[in-house]
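A.B. asks: Here Swiss-Prot flags HIS111, HIS115, ASP307 as Fe cation binding site, drawing on sequence analysis. Residues or ranges marked as substrate binding site by Swiss-Prot on the basis of sequence analysis: LEU134, VAL135, SER136, GLY137, GLY138, ASP167, GLY180, ASP184, ASN279.
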Amino acid sequence: MAIILAIETSCDETAVAIVNNRNVCSNVVSSQIQTHQIFGGVVPEVASRQHLLLINTCLDQALQASGLGWPEIEAIAVTVAPGLAGALMVGVTAAKTLAMVHQKPFLGVHHLEGHIYASYLSQPDLQPPFLCLLVSGGHTSLIHVKGCGDYRQLGTTRDDAAGEAFDKVARLLDLGYPGGPAIDRAAKQGDPGTFKLPEGKISLPQGGYHPYDSSFSGLKTAMLRLTQELKQSSAPLPVDDLAASFQDTVARSLTKKTIQCVLDHGLTTITVGGGVAANSRLRYHLQTAAQEHQLQVFFPPLKFCTDNAAMIACAAADHFQNGDRSPLTLGVQSRLSVEQVSQLYERN
């Protein structure tokens, strides 16, 4: 058992959590959505300044809610990569300071590994190997999870991440920011079969298509052209039907690639992580397909789909128990493959 205090500031959520192995003692998340809504997206400089304003309050709230004190905390963990460099720096500086002042071990955590570990918070008995579909505003990946720190990326996006595509299409339809929840709400009132939209396929030099990689640029362009055509009509823009058709196309495409990937690699379990894991249509299609193929699929609770520090603490706990420690000289990295997690640690 390990009691870990973790900090997450990779983008626009300031989060602090305390986790005892895989049991959440406290989970504080301060979202900046309202701050960034007027800009239609995250402004890195604004995000960093907000983290500076919020981090101490979040730390105090997490400690108070957990009922624990510093003597019980065994290690300090923080997201160090990937993410917005300035935002990451706020969390890393706070974590290093706490580690030095309270003389605790320090662990830097990969953000995507945190999303992989989010499923453990509701499924503590989950065991590798399994396939993780990681879909968020910055990432769309199919990751073969072999064990703690042992990952192989089997598929990725060649252009926009799924969450990024949702944000851009929501802006196109004047649905606001963040786009994922806005499109999901509108789609519930629409018919997903109204418009036929293209699924992104990546051509291979030898012919055929890449089975696991995604592309959303063509779908985004198709939505733009379709919307422009419909606006030339005197009829009101069918926003709900457009949202439903777009969402269903993305969900079907991701489901098809995920099922093919898990079957090709002889796996029987799928987990889903990242903000887009909250999407109702993706959950429907994946659960239906998994049942058809007699596979298990696990989604984190909605509160652990978006960025949070509980998932970071959960990942750090396994590394801590494996004897992994990070040097206090470890810096932030705005880009780092999940396959390179081992670079963050020194094994004791």
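We count from 1, first residue shown onward.
Every residue, even glycine, has its Cβ placed from backbone N, Cα and C.
It should be emphasised that the depicted structure is a prediction, and the values quoted were computed from it without experimental measurement.
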A.B. asks: Starting from GLY138 (substrate binding site), work out which of the binding-site residues listed here (HIS111, HIS115, ASP307) have their Cα within 10 Å, and give them in sequence order.
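C.D. replies: Within 10 Å of GLY138 (substrate binding site): none of them.
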A.B. asks: Widest Cα span across the substrate binders LEU134, VAL135, SER136, GLY137, GLY138, ASP167, GLY180, ASP184, ASN279, in Å?
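C.D. replies: Maximum Cα-Cα distance: 18 Å.
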A.B. asks: Whole-number Å only: compute the distance from the Cα of GLY180 (substrate binding site) to the Cα of ASP307 (Fe cation binding site).
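C.D. replies: Answer for this pair: 14 Å between alpha carbons.
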A.B. asks: Quick one: what's DSSP say for LEU134 (substrate binding site), helix, strand or coil?
C.D. replies: strand
A.B. asks: Please identify, from the binding-site residues SER136, ASN279, the residue with the sparsest Cβ neighbourhood, meaning fewest other Cβ atoms within 10 angstroms.
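C.D. replies: Least crowded of the binding-site residues SER136, ASN279, by Cβ count within 10 Å, is SER136.
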A.B. asks: What's the CA to CA span in angstrom from SER136 (substrate binding site) over to ASP307 (Fe cation binding site)?
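C.D. replies: Cα-Cα, rounded: 9 Å.
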A.B. asks: Excluding HIS111, HIS115, ASP307, please set out which residues of the same chain place their CB within 8 Å of the center of the CB atoms of the Fe cation site, keeping sequence order.
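C.D. replies: Residues close to the Fe cation site, other than HIS111, HIS115, ASP307: GLU8, SER10, THR79, LEU112, GLY114, ALA118, SER136, GLY273, GLY274, ASN308, MET311, ILE312.
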A.B. asks: At the Cα level, what's the spacing in Å between LEU134 (substrate binding site) and HIS115 (Fe cation binding site), rounded?
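C.D. replies: On Cα coordinates alone, these residues lie 7 Å apart.
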A.B. asks: Within 10 Å of the Cβ of LEU134 (substrate binding site), how many other Cβ atoms are there?
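C.D. replies: The answer is 25 other Cβ atoms.
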A.B. asks: By Cβ count within 10 Å, point out the most packed of the binding-site residues listed: HIS111, HIS115.
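C.D. replies: Answer by Cβ density within 10 Å: HIS115.
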A.B. asks: Whose Cβ, among the binding-site residues GLY138, GLY180, has more other Cβ atoms within 10 Å than any of the rest?
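C.D. replies: For the binding-site residues GLY138, GLY180, the Cβ with the most other Cβ atoms within 10 Å is GLY180.
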A.B. asks: Test of understanding: give the count of other CB atoms lying within 10 angstroms of the CB of ASP307 (Fe cation binding site).
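C.D. replies: There are 27 of them.
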